[in-house]
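Q: Right, I'll just put the structure down here and ask away after.
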Amino acid sequence: MDVLAASGHLDCDEKEKVESVAVEGGNLELEYSENGASSASKLGRFKKWFLTWELESLGIEPTLPSQRSDVHFFTTFLLWLTFDCNILSISAGTLGPLVFGLGLRDSVLVIIGFNILGSALPAYIATFGAKLGLRQMCQTRFSFGYYGATLPAFLNLIGLAGYLSLDCIVAAQTISSASGDFGAEKDLISRNVGIVIIALISLIASFFGYKILSVYERYSWIPIIIISFIALSVNAGHLQPSTTFPPATASQIFTFGASIGGFLISYVTGCSDFTTHMKTDVSSRKLFTTVFLGLFVSTTFLEIIGAVFAAALPSHPTWQAGYGDGNLAGLLHAILLPAGQRFTRFLLVMLAISVTGDMAPSMYSFAFSFQTFIPFDFIVRIPRYFFSVLVTGIIIPLSIVAARRFYTALSNFLGLIGYSSAIVGAILFTEHIVSRRATFANYNVSFWNQPRRLSLGMAAIAACVVGADMVVLCMQQAWFVGPVARKTRDIAFLVSFFATGLVYVPFRWAEKRWLRDDR
């Protein structure tokens, strides 16, 4: 089966092309065909032009051991630190006081507790990328099967499009607010224009692939951390909540927790995309710790910042005027205003641009899910950057529509994506621990694109159905409350994970025994 060169850096004028991937002694090797020259054509020449600018065209093909040179754990830590080091994390933290009615203390405890849970599973699954050299959606084929993997790929496409839209919305609001004076009836740049600007900036950044993104991510976290401390310093002594919040209920805690946990556990469906460049002999424990801390530290810090300002909002009329009816950018504008009008505008622009640190990698990862969602050879031959253009065309109109009710979209989306990610993560985790006996040698990487040599996926699909049933029974959202949730509150996040993992074990055993599927 023909595939693109795994590195994306073969000269397009070569007379040979990669035909398949083989594993010999733990090392991946490329096989070539004699008649590959004719396939270069216009697409090949366009790809070659991209490569002259060092733009990565790598798709879902396995990354060869010879192409894995990254061994710097601190660089990896900064990469994961930056992913959620943006204004969207601040907005997630504000949900506790503003949407779910939690006090500052309760909001902080929920943020810390559920972020620990939400960071652990993606950090563990991320170690698979370094050991196997497979993108995350390719890994799902070893449990869901070649065609069954279209289900988690589809869910991930929805999740990525949703997160990209939320990033666009909050960044566009911030750019719009920065374009005018605080309290002005009309800003110079509309939110719709801001959405287009942010989407295009992120699109351009995504073209460069992992190599350039990793360099950018080393430093892009610095401005928002500095701005956070500026916001705290100019409002020192005015951050005590004047409103006494009622004691937290189980409903408030678990519903807010589902949103917070869903914010991080969603990385389960893409975490290996950013570790396939690590050397195969890296320590899994060190890599787990690096990814865990990167996700937990930045997200928790900024969400707590958001909760602090949201809890103090009722005692500041100026902040209330800026916030209005759910305008986070207006609230941030009011918070930073003591630093000076012009300087505040500059800080707001920097806050808006911070989302590119999350959007560019998400666009980068979107291609791998799309190539798994449509499992045909011609899709694999399409360079990755075309899919970045595709998702940009999707999120711009989606963001414009969702911007009308940002907080409703944010709270509902984070909960739902957390449920689905928990289900998929449970299957990946259980497959590795139980079926593969936590041994990477039990994965034959050369089977990644061979349907007959991969699992049937019936056990995974059946377990997903059970997990989805548990979500319906145990979820609590503004638009739906399950029968179990009426008595126990929102426990869908945890119940769906454990239920899916537990039923997957006997389902997989039956699949192997009765269907003779020992793949």
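Note that Cβ sites are derived from N, Cα and C of the backbone, with glycine treated the same way.
What TrEMBL says about a protein is an automatic prediction, not a curated fact.
What TrEMBL shows for this protein is this:
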TRANSMEM  77-102  transmembrane segment
TRANSMEM  108-134  transmembrane segment
TRANSMEM  146-172  transmembrane segment
TRANSMEM  192-213  transmembrane segment
TRANSMEM  220-238  transmembrane segment
TRANSMEM  250-270  transmembrane segment
TRANSMEM  291-313  transmembrane segment
TRANSMEM  346-373  transmembrane segment
TRANSMEM  385-407  transmembrane segment
TRANSMEM  413-434  transmembrane segment
TRANSMEM  454-479  transmembrane segment
TRANSMEM  491-510  transmembrane segment
Q: Report, as numbers and ranges, which residues of the same chain sit near the transmembrane segment (413-434): CB under 8 Å and 6 or more residues beyond its ends.
A: 92, 118, 121-122, 124-125, 128, 139-140, 142-144, 152, 155, 158-159, 162-163, 166, 255, 258-263, 265-269, 460, 463-464, 467-468, 471, 475, 477, 490, 492-494, 496-498, 500-501, 504-505, 508
Q: Which range wins on Cβ pairs under 8 Å with the transmembrane segment (146-172): 77-102, 192-213, 250-270, 291-313, 454-479?
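A: Answer is 192-213, with the largest number of Cβ pairs below 8 Å.
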Q: Counting only pairs at least 6 apart in sequence, do the transmembrane segment (385-407) and the transmembrane segment (346-373) share 3+ Cβ pairs under 8 Å?
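A: These two stretches do touch.
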Q: Among 77-102, 192-213, 291-313, 491-510, which stretch has the highest count of C-beta pairs below 8 Å with the transmembrane segment (250-270)?
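A: Checked against 77-102, 192-213, 291-313, 491-510; highest Cβ contact count belongs to 77-102.
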Q: Below 8 Å between Cβ atoms, which of the listed ranges 77-102, 192-213, 220-238, 291-313, 491-510 makes the most pairs with the transmembrane segment (346-373)?
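A: Selected stretch: 192-213, with the most Cβ pairs under 8 Å.
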Q: Can you find at least 3 Cβ pairs under 8 Å between the transmembrane segment (77-102) and the transmembrane segment (291-313), where each pair is 6 or more residues apart in sequence?
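A: Judged by the Cβ rule, the two regions touch, with the required three close pairs present.
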